[in-house]
Amino acid sequence: MTSDFETQLRAVSLRVTRPRLAVLAALHDHPHVDTDRVIALVRADHPTVSHQAIYDVLRALTDAGLVRRIQPAGATARYERRVGDNHHHLVCRSCGAIVDVDCATGEAPCLDAPGDHGYVVDEAEVVYWGTCPACATARISQ
Ligand SMILES: [Zn+2]
Ligand SMILES: [Zn+2]
């Protein structure tokens with residue numbers, strides 16, 4: 001797995017560093033986590049990596065397109081490794097759990113705007129808000 005991450009870093013001309021590999025590994029195992037959780041995951045295995053280094057890595061990986069940053073309204077920014085497929089997200093209003101949903105049509109921008117006002121639309125970001133199964137069950141049993 002690590003060698004995959006090395007290949008991906010080299011493909012976008014980023015130097016292979018331990019913090020970058022650690023962040024990619026953390027996001028591979030834990031999609032849709034916020035910065036604090038990434039820091040906790042990375043530092044569990046690499047206690048010497050600083051918070052600032054992890055912030056910098058997240059920015060570099062996002063800028064390079066290896067990591068996608070999503071930010072549902074009212075939530076902290078989350079990061080994920082699944083990039084480039086225009087997938088969308090289900091978000092639980094109650095607990096904030098996030099699940100991937102495939103693109104509704106298979107390719108960006110997914111939805112046609114009823115009026116584009118002359119804009120060239122390349123992306124429609126869809127967030128499906130609702131209640132996750134765990135929260136729905138908890139509600140019924142209350
Ligand atoms: Zn929930
Ligand atoms: Zn996702």
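Using the three backbone atoms N, Cα and C, a Cβ is placed for every residue, glycine included.
Keep in mind the model is a prediction, meaning the values are calculated, not measured.
Taken straight from TrEMBL:
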type: BINDING; residues: Cys92, Cys95, Cys132, Cys135; note: Zn(2+) binding site
type: BINDING; residues: Glu107; note: Fe cation binding site
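Structure with TrEMBL features highlighted.
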residue : record                 : DSSP class
Cys92   : Zn(2+) binding site    : strand
Glu107  : Fe cation binding site : coil
Cys132  : Zn(2+) binding site    : coil
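Only Cys92, Cys95, of the binding-site residues Cys92, Cys95, Glu107, place a Cβ under 6 Å from an atom of ligand 1. The CA atom of Cys92 (Zn(2+) binding site) is located 25 Å away from the CA atom of Glu107 (Fe cation binding site). Those same-chain residues not listed among Cys92, Cys95, Cys132, Cys135 yet with C-beta within 8 angstroms of the centroid of the Zn(2+) site C-beta atoms are Arg93, Ser94, Gly96, Ala97, Thr131, Pro133, Ala134, Ala136. Recorded residues Cys95 (Zn(2+) binding site) and Glu107 (Fe cation binding site) have their alpha carbons 29 Å apart, per Cα-Cα distance. Comparing Cβ neighbour counts within 10 Å across the binding-site residues Cys92, Cys95, Cys132, Cys135, the minimum falls on Cys95.
Taking a C-beta cut-off of under 8 Å and a sequence gap of six or more, the residue listed as 'Fe cation binding site' has these contacts in its own chain: Asn86.
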